[in-house]
Structure formats: structure tokens, C-alpha cells
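These features come from Swiss-Prot:
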REGION    1-62  region 'Disordered'
COMPBIAS  22-31  compositional bias 'Basic and acidic residues'
COMPBIAS  46-57  compositional bias 'Basic residues'
ZN_FING   57-79  zinc finger
ZN_FING   85-107  zinc finger
ZN_FING   113-135  zinc finger
ZN_FING   141-163  zinc finger
ZN_FING   171-193  zinc finger
ZN_FING   207-230  zinc finger
Amino acid sequence: MLGGSVKSEVRASEPSPTCQDPETKAPHQDLPRPNQPAASGSVPSRPRRRPPPQRPHRCPDCPKAFSYPSKLATHRLAHGGTRPHPCPDCPKAFSYPSKLAAHRLTHSGARPHSCPHCPKAFGHRSKLAAHLWTHAPARPYPCPDCPKSFCYPSKLAAHRHTHHATDARPYPCPHCPKAFSFPSKLAAHRLCHDPPTAPSSQATGSHRCSSCNQAFGQRRLLLVHQRSHHQSEGQGERE
């Protein structure tokens with residue numbers, strides 16, 4: 001009896017060959033016990049990443065997929081042209097309630113997204129995010145022709161037109177041979193050909209001529225009008 005008990009104690013104290021061999025070690029033996037401190041120099045295991053969400057509901061009109069049939073049904077309204085959410089303040093309608101909510105801010109004038117660096121505020125979060133780049137010291141889009149740099153690729157493209165203004169003028173005037181580098185320059189130039197002739201109560205321009213009551217969108221156009229028209233009238237009267 002005594003020999004059998006001693007043998008059982010020895011067997012219990014000796015580790016099994018399976019535990020000694022790292023290749024045959026069971027997976028649970030690598031896990032630390034609740035009250036056992038981690039070995040020095042050991043790297044704690046990272047938490048497992050969640051698997052990507054299942055999106056079994058695919059749109060037949062585009063590559064997008066959705067988790068729920070209701071999301072797919074809402075998305076397909078954009079393809080069908082259905083706009084079931086009308087604006088109560090204007091004739092516009094929208095496919096999604098979120099688009100309608102964003103649009104209604106234009107009527108209320110609300111600007112809930114304020115800039116933390118300046119007094120400006122914006123109606124949409126995306127507008128604020130784009131504005132914050134103007135405060136950032138980094139301007140990752142340098143001009144290859146001069147030391148200037150810009151926050152946006154569109155600003156760099158518009159600036160580069162100034163270096164090649166004589167070469168690139170893709171916006172011609174339909175009334176004369178002139179052409180311009182920017183649509184805004186063409187729009188300002190076309191006011192010379194088609195000045196507003198409505199009365200002061202209906203004119204859209206804020207700069208009005210005191211002699212003939214014509215209105216202009218820009219002050220320089222008003223000055224051009226006064227020099228070209230009223231100076232010639234004064235010369236005719238003196239003659």
C-alpha cells in the first residue's frame with residue numbers, strides 16, 4: 001500500500017511528455033491562469049478583430065451591398081428617380097430623409113457647425129471639414145511653377161491657370177472673340193454685352209447708375225458703363 005501511494009505521488013509531480021513537448025502541447029496550456037502573472041518579456045495577445053459585417057443584399061444596379069432589405073430598398077430609390085420626401089418650403093424633393101434635413105438648413109439659415117478657430121459657421125459638417133483645411137499649416141499641394149502651395153487640388157489647378165493664362169482660355173465669349181481662363185471671368189465679362197435693363201425695383205444688381213437707373217452686378221462694370229455712355233452723351237451736348 002505504501003509503495004503504491006509513493007508511486008502515485010511521483011507520477012502526479014512529474015510533467016507528462018505531452019506537456020514538455022512544445023509541438024504536442026495542448027492549446028489551453030498556453031493560456032495564463034487567472035491568478036498566474038504573465039511571464040516577463042511576453043507579449044500579450046491582441047484582441048481578435050470583429051469579422052466584417054455581412055452584406056448579403058446586393059443592389060442590381062450598382063456594386064453596393066447592404067445588411068438589411070430595408071437599406072437596399074431605400075438605396076434603390078436613388079436609381080429609380082423616386083423622391084418621396086418633398087420639402088415643405090420649396091418644390092424640391094429628395095430620396096432620403098437625411099437629404100431633406102440637410103436641405104432644410106438652407107431655408108432656416110441655421111449654421112450649427114461652428115469653426116473652433118474663427119467666427120465662421122456652416123450648415124453641413126462636410127463644409128466645416130473642408131473649411132478647417134484653411135487653418136491647417138500644412139499645404140500638401142505645391143505649385144511646380146512658383147513657391148505657393150495649397151490645401152486642395154482644385155485650388156492648385158485654378159492657380160496654375162494664372163501661370164498659363166495666355167495659353168489656356170477654354171471659356172470663349174459667344175458675343176466677341178475674347179476667351180477666358182475661368183467661368184467666373186466669362187460670366188463677369190458677359191455682363192458687358194447683356195447688362196440688366198430692369199427698373200431699380202426689379203434689378204438684381206446692387207450697383208445702379210444715377211443717370212439712367214441701370215443696375216450692374218459689379219462696381220467696375222458700373223464705372224465702365226458711366227465712362228462709355230454718359231461721357232459720350234456729355235461730349236455730344238457740348239458739341
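Any Cβ shown, glycine's included, is placed from N, Cα and C.
Values in this document were obtained by computation on a predicted structure and should not be read as measured data.
Secondary structure of the zinc finger (171-193), assigned with DSSP and counted as helix (H, G, I), strand (E, B) and coil, comes to 11 helix, 4 strand, 8 coil. For the zinc finger (141-163), the DSSP-based tally of helix, strand and coil residues reads 11 helix, 4 strand, 8 coil.
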